[in-house]
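*Asks:* Structure in structure tokens, see below.
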Amino acid sequence: MPEATDLEELKRGTDLVKRGFARMQKGGVIMDVVTREQARIAEDTGAVAVMALEAVPADIRKRGGVARMPDPENVTEIIDEVSIPVMGKSRIGHRKEAEILESLGVDMIDESEVLTPADDEYHTDKRDFASPFVCGARDLPEALRRIREGAAMIRTKGEAGTGDVNQAVKHQRTIKTQIRTLTGLNHEEREKWAREHGAPRDLVHETAEAGRLPVVNFAAGGIATPADAALMMYHGCDGIFVGSGIFGAEDPEAMGTAIVEAVNNWDDPDELADIASGIGKGMKGQSNEDLPDEEKLQGRGV
């Protein structure tokens, strides 16, 4: 039987284990939290994990400036507060933020376009870390590039902080359509597709043969209601990230519980109607169409 230190090494570090942890979150809701009190609410309403950050995306948009990783002390407080996994956001290409989060003991790192990118050319090489990473993607080539770098989970980018699910739907549909295209191509055509789209060839073949991404694929970016969450599950997502939609709502506890229940009952309209009733107003939101291009976050880190 392995020693305790061996068990710890087995628990973290390999691609198999990293992807395994990500798969354990399937069918669940991961909620953004800023404080330990919010983390407690998230756990009590049924979140499978929480994402620690310095401000929810809607507030990041309002205040402007440079958005960075959360205060390490705050991350530690959140870890101590809840029994569910705690994730943390780092800036794109900011290896040191990721290293700090790993040293704090977070269960997963989100290399996130919501924060101000530290590097306009390169993402962090996630293969060097013991902790699993999640990254956003708008299409299949982008998703496969992140997986090649070591991402254990992909999420739609959507347009975070808007409460408008439109772009999350677009990104998920795009990925699904491109996968369907690949499944109908022969080996040589897939090789050509990989070259033309800047996608890793081996992952292109793996995706085509499996008919899905090699890692779990969650929805994120603009999900603000139980119906939004159910819609993304209908479109084939493995789970849901909710950022501003919980604590930007009139009643965060009711909204959090309802979104969790909607994910569990996404294919039952009668149940969804009951779930969505009497939970108070959702976040105000902002239409993606009204955003100037320079304020859109989804184009960061391709």
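Note: Cβ is positioned from N, Cα and C throughout, glycine not excepted.
Take a look at what Swiss-Prot says about it:
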ACT_SITE  K89  active site, schiff-base intermediate with D-ribose 5-phosphate
BINDING   D32, G161, G222, G243, S244  D-ribose 5-phosphate binding site
BINDING   R173  D-glyceraldehyde 3-phosphate binding site
REGION    278-302  region 'Disordered'
*Asks:* Mind checking which of K89, R173 has the fewest other CB atoms within 10 A of its CB? They're the recorded positions.
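*Replies:* Checked K89, R173; of these recorded positions, fewest Cβ neighbours within 10 Å: R173.
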*Asks:* So of G161, G243, which of the binding-site residues has the fewest other Cβ atoms within 10 Å around its own Cβ?
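*Replies:* Relative to the other binding-site residues in G161, G243, G161 has the fewest Cβ atoms within 10 Å.
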*Asks:* Given that the record lists D32, G161, G222, G243, S244 as binding D-ribose 5-phosphate, what is the largest C-alpha to C-alpha distance among them, in Å?
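*Replies:* Greatest Cα separation within the listed binding residues comes to 12 Å.
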*Asks:* Neighbour count first, Cβ atoms within 10 Å, every protein chain included; then name which of D32, S244 tops the list of binding-site residues.
*Replies:* D32
*Asks:* Under a three-state reduction of DSSP output, how is R173 (D-glyceraldehyde 3-phosphate binding site) classified: helix, strand, or coil?
*Replies:* helix
*Asks:* Determine, to the nearest whole angstrom, how far the Cα atom of G222 (D-ribose 5-phosphate binding site) is from the Cα atom of R173 (D-glyceraldehyde 3-phosphate binding site).
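*Replies:* Distance (Cα to Cα, whole Å): 15 Å.
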*Asks:* Fill in the CA-CA distance, G243 (D-ribose 5-phosphate binding site) to K89 (active site, schiff-base intermediate with D-ribose 5-phosphate), as an integer in Å.
*Replies:* 12
*Asks:* Quick check: of the binding-site residues listed here (D32, G161, R173, S244), which one has the Cα closest to that of K89 (active site, schiff-base intermediate with D-ribose 5-phosphate)?
*Replies:* D32
*Asks:* Would you kindly give the Cα-Cα distance separating G161 (D-ribose 5-phosphate binding site) and R173 (D-glyceraldehyde 3-phosphate binding site), rounded to the nearest Å?
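*Replies:* Pair distance, Cα basis, whole Å: 20 Å.
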*Asks:* Can you tell me whether DSSP puts G243 (D-ribose 5-phosphate binding site) in helix, strand or coil?
*Replies:* coil
*Asks:* Whose Cβ lies within 8 Å of the mean position of the Cβ atoms of D32, G161, G222, G243, S244, the D-ribose 5-phosphate site, other than those residues?
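*Replies:* Not counting the recorded site residues, we get V56, P57, A58, V114, A160, T162, G163, G221, I223, A224, V242, G245, G248, M283.
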*Asks:* Using a 10 Å radius around its CB, how many other CB atoms surround G222 (D-ribose 5-phosphate binding site)?
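*Replies:* So the number of other Cβ atoms within 10 Å of G222 (D-ribose 5-phosphate binding site) is 31.
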*Asks:* Using DSSP, would you call D32 (D-ribose 5-phosphate binding site) helix, strand or coil?
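*Replies:* Where D32 (D-ribose 5-phosphate binding site) sits, the three-state DSSP reduction gives strand.
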